[in-house]
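S.K.: Please find one structure pasted underneath; my questions will follow.
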Amino acid sequence: MFAAASFLPGIPTVPFNVSVPAESYSVTKLEAIIVDSRYANTVDANGLTLIPPTLWSFAETFRSDLASIGVNVPLILGRQATKNVVFLTISGSPNEFLDAAGRPTSEGYSLTVTTSSISIAGASPLGTWWGTRTVLQQAILHGLKISVGEGVDAAGWGERGMMLDVGRHYYPPDFIIEMCSYMSYFKQNVFHLHLSDHVWNPANLYSHELALELYAGFRPASNDPDIAGLARPSNETYSPSVLENMQQECAARGVTILPELESPGHSIATTDWKPELALADFSMLNISYPETIPVVQSYWKALLPGFHSKVVHIGADEYASNLVDEYTYFVNTMSSYIQGISGKATRIWGTFPPSSLPNVTNVDTAVSIQQWELDQDNALYDFVNRGYHVLNSDDFFYLDLKYSDSYPPAVDLERVFFGAPDGGPYAPNIFDHSNATNNPPRDNPYVLGQLCVVWNDWGPNASTYNEAYWMVRDGLPALGDKQWGGQLTLPDYQSIFPTLQASVPGQNLDRRIQSKSSIILSYTFAESHQSLLPIVPDVSGNEYNGLLVGGSEVRNGVLHLNGNGYLKTPLGSKGRNYTLSFSVISTSSNKGGILFSGPDSSFLNGNGTSPLLMLVSGNIAYPVNMVLPFEQWADVTIQGIGPQTFISVTVEKSPKQTEEVTINMGIWGGGMQEGSMAIEAPIQKIGEGFVGQMKDISLVGTA
């Protein structure tokens, strides 16, 4: 017997009827995951990805996720649920899973929990996968126990997730993959990558020559000689194999990478490559020039086989308003071309509303619209009511690293939970948060879903990789509840989010380090430990012991560094809220050498050109106005305090100096804005390339 319909608390919530009396099943009793042998090789043919995992593949990832919470079980084939198993199968009634428009969706599943087993039956393998997210979340929230009962759950909208501007700021593949893991846990399925763009080009300030010096990125690289030289910067591109791996890893967790290559505006990467294609405004392509469209087609032809989504994005944003006819011709020509050679559909940003005038050609309705600005067009009247499929990316959920005079500094929970015109929760059909007459009904079939958008208008030095994550960390999951069609309230979200956030599998974007106390690592180089060398004991109790490499030595309680050797630790980076402290003496008059390095950052004693102490992240130096003295001991501290980083130096008989690590950003060519930098503590290698001595190295997990 089951109670009246209710919801399991989760992100998103899950419709579920709890048994009466209330009972639970502990996942610690599980003995196996059984994959229905009839469907083990089945894939979802209805989603956005062209590389859908099989049910068995999803089950393998689920098995790994269970292991991460201490439940280690084998994965086997079978035909039915037995005692103490999770049974993964495909539903025989796929039409019971309906989206917000009342249509069958492959992203639905039923969950049945008894006192002896768990069964998940998806509309497709992807639906079953989302059911495993529910099982994980419920186990985490309730001490590895799940309520006995049953429920049917389905995605309200087909596209849920975020867009990241990787054109103006490069992000490494591992970061992209970890972000997919983060989104997947909250049942978000789209990671839109804005793969080409440039920092803003104020035409009234910059000459043609200066415009060429602006940072411009075009990330997908290709071996096709027809587009040789287009991908840039050369050390910040995605090779075909790297792009393939990114897409495969994200698809393994139900997330489709949706690629965007921006044109005919935002195109300095292209016009720098082929200047003859440009308008007088060098950021725009001259569509009327005979070679322009063939050149754009050439790079799409080269890159399309490596893009594994059914939809690709050609940008088509913010083009010259006096060239609407040329723009429309460009979009329709590119859409037909892409469809013809790849079978893929085309998407653009909402830029020019279609015209009602006779004999005017509009953008074809086969092209989907990503609406972003209510003042520029009206999603309902200009697009939805004219038969266009529209993805909601209204700038109500825009973010801009790391400064904006109009957008919030992070995903705003007030907008998520109270962003409807009537003060109720936001939903993907809400394009106008103040005027309900501009919003289609919740069940309108032309609304594709909703994506939060993160821009990098101020270029690559304005932020680190992980600062993009922190911008969406606390709010994107909440938005995921609304993108799915969940029922979470703000108090409920605030009560469960910290627990769920700390348990997201397949990533460590927080750069957490397990520790028995607030002291994560401590190297004292005590004389009593000499017999253990080259092992350097960590006396914190965590046993993060170091290893001397390349001629580095420990003598008299001090680490001696010769410019070649270093101390290697088993750690990488420590995320926000930390104190890294040490004492150091430089015995070389040549400034330079890495004091600490890790996968996310480094701390340098100058870089050979500048003697200043500096943190480096993403190959960009962030110096402070301090230097290490020569042949004199100094106590140095790096502190990460929330979104800020501070460096302190104390030299004997001198007062302590402290400076914040900041960046000056040029804003729209009209002024400078100082911003704080949140840089992870580098703790993988100590002293590589440095000549001198160090002692009393400590990393504490508080600031």
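A Cβ is built for glycine as well, from the same backbone N, Cα and C atoms used for every other residue.
Just so you know, TrEMBL annotations never went through curation; they're auto-generated.
Quick caveat, the model's predicted, so the values are computed rather than measured.
OK, TrEMBL features for this one:
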- 59-137: domain 'Beta-hexosaminidase bacterial type N-terminal' (DOMAIN)
- 160-322: domain 'Glycoside hydrolase family 20 catalytic' (DOMAIN)
- Glu318: active site, proton donor (ACT_SITE)
S.K.: At a 10 Å cut-off from the C-beta of the residue listed as 'active site, proton donor', count the other C-beta atoms across all protein chains.
M.R.: 15
S.K.: What does DSSP assign Glu318 (active site, proton donor), in three states?
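M.R.: Its secondary structure by DSSP: coil.
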S.K.: What is the three-state DSSP composition of the domain 'Beta-hexosaminidase bacterial type N-terminal' (59-137), stated as helix, strand and coil residue counts?
M.R.: 26 helix, 23 strand, 30 coil
